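These features come from TrEMBL:
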| type | residues | note |
| --- | --- | --- |
| COMPBIAS | 1-14 | compositional bias 'Gly residues' |
| REGION | 1-43 | region 'Disordered' |
| REGION | 59-88 | region 'Disordered' |
| REPEAT | 107-135 | repeat 'WD' |
| REPEAT | 162-203 | repeat 'WD' |
| REPEAT | 204-245 | repeat 'WD' |
| REPEAT | 246-287 | repeat 'WD' |
| REPEAT | 287-327 | repeat 'WD' |
Amino acid sequence: AAPGGAGTRGGAGTGAHACLHSPLLGRRRREEAEEEVEETPQEKKLRLAKLYLEQLRQHGESRPARGRCPVGPPQALSPALTPRGSPAHIPLSLQVQPPDPASIRMLRGHQLPVTCLVISPDDRFIFSASKDGSLIKCKWEVESGKRLCVVPGGKKGTEERHMGHASQVLCMAISSDGKYLATGDRNKLIMIWDAASCKRLHIFTGHRDAVSGLSFRKGTHQLYSASHDRCVKVWDVAENAYVESLFGHQDVITGLDSLSRECCVTAGGRDGTVRLWKIPEESQLVFYGHQGSIDCIQLINEEHMVSGADDGSVALWGLTKKKPLALARQAHGMQDADGLQRPYWISAVAALRNSDLLATGSHSNSVKLWKCGEGFRKLEPL
């Protein structure tokens, strides 16, 4: 390991060769190379932002085409290249433009409400699932809008004989290499699929209530699942194996997310908590801030997350602080319900990874875009 590290670090064979004969000399050379590229977190953020904007200019995309906003930073800005504790904070909110109504396409096929969807890592395919019993899972081609695959459902108790789910599909996740797709249903089951062929590979059982959240750990085939039974389970999809269960929430878990680190975050519904689960340490951190049921959550980067609640609030969190760094109350305004003024609840949150751009959805029938202020201590509506 040491020779390889020296060789790849400096790009010179002499360091690797010397390291074969002297581990001390090899370590000194690596330390000297690291000192040469050392920079502060702020310098790192600025350099990455400039690199990204320069690449946009080179491709003629410094002003995104109308109806589009950048999907994310290029490969050079992946989280793996950002030092732990100082994730890139790319200011993409400045580039967002309103969508052109003519560019919006509608994909039709489900008979009942669509409950979840994911986009393949290469942006070529969309997988969607619904409450309906006949079209349980669809695979769509993004470019053409065509349905490529439909997996029909069956009656409860026939899941072993039929391909699809026999109850409402509530959540879905795809592995970062695009190989595996996972779906969870109201009947406590998790199904694992080959994303390319739509062939079902495994059925995971073990939850005692509806499966409400799924997330693959980035860069792995480790799967986290959350349930109304108030526990989180860890699975190894490649090995078709159950790993462990995590307990702590006092009410149904309503949302779950993870990134590269061996941990996940969950929204605890009416127990009023957000939790960070550290898998290797078998420990958890508990966060408080919302006044209502916390219904949705997503990580922005390895250090920050966003959550939404039915009290109408959106919260920005740092994973080292037990209270929100920023809290937007009545984020989608107020409604007149039975003569009472109540906030529109937040039903969905989304983050453009490693950027300052967030989105929230509400039963006010609207989606709002937000800018994270410097240090994630402000939420500014866009």
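Placed from the backbone N, Cα and C atoms, the Cβ positions cover glycine too.
Where the annotation comes from TrEMBL, it is an automatic prediction and has not been curated.
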**Prompt:** Can you name the far-off residues of the same chain, 6+ from the ends of the repeat 'WD' (107-135), with a Cβ under 8 Å from a Cβ of it?
**Reply:** 71, 141-143, 145, 147-148, 150, 152-153, 165-166, 168-174, 176-178, 181, 183, 195
**Message:** Below 8 angstroms Cβ to Cβ, which residues of this chain, lying six or more residues outside the repeat 'WD' (246-287), approach it?
**Reply:** 79-80, 209-210, 212-219, 222, 224-234, 293-299, 301-302, 305, 307, 315, 317, 319, 321-324, 353
**Helix, strand and coil counts within the repeat 'WD' (246-287) (DSSP)** = 0 helix, 22 strand, 20 coil
**Prompt:** Residues of the same chain, at least six outside the repeat 'WD' (162-203), with any C-beta under 8 angstroms of its C-beta?
**Reply:** 115-122, 125, 127, 129-131, 133, 136-137, 139, 149, 151-156, 209-216, 218-221, 223, 225, 227, 235, 237-238, 240
**Message:** Give me the DSSP three-state residue breakdown of the repeat 'WD' (107-135), ordered helix, strand, coil.
**Reply:** 0 helix, 12 strand, 17 coil
**Message:** If I take every residue in the repeat 'WD' (162-203) and average their pLDDT values, what number comes out?
**Reply:** 93
**Item:** Secondary structure tally of the repeat 'WD' (162-203) (DSSP, helix then strand then coil)
**Value:** 0 helix, 22 strand, 20 coil
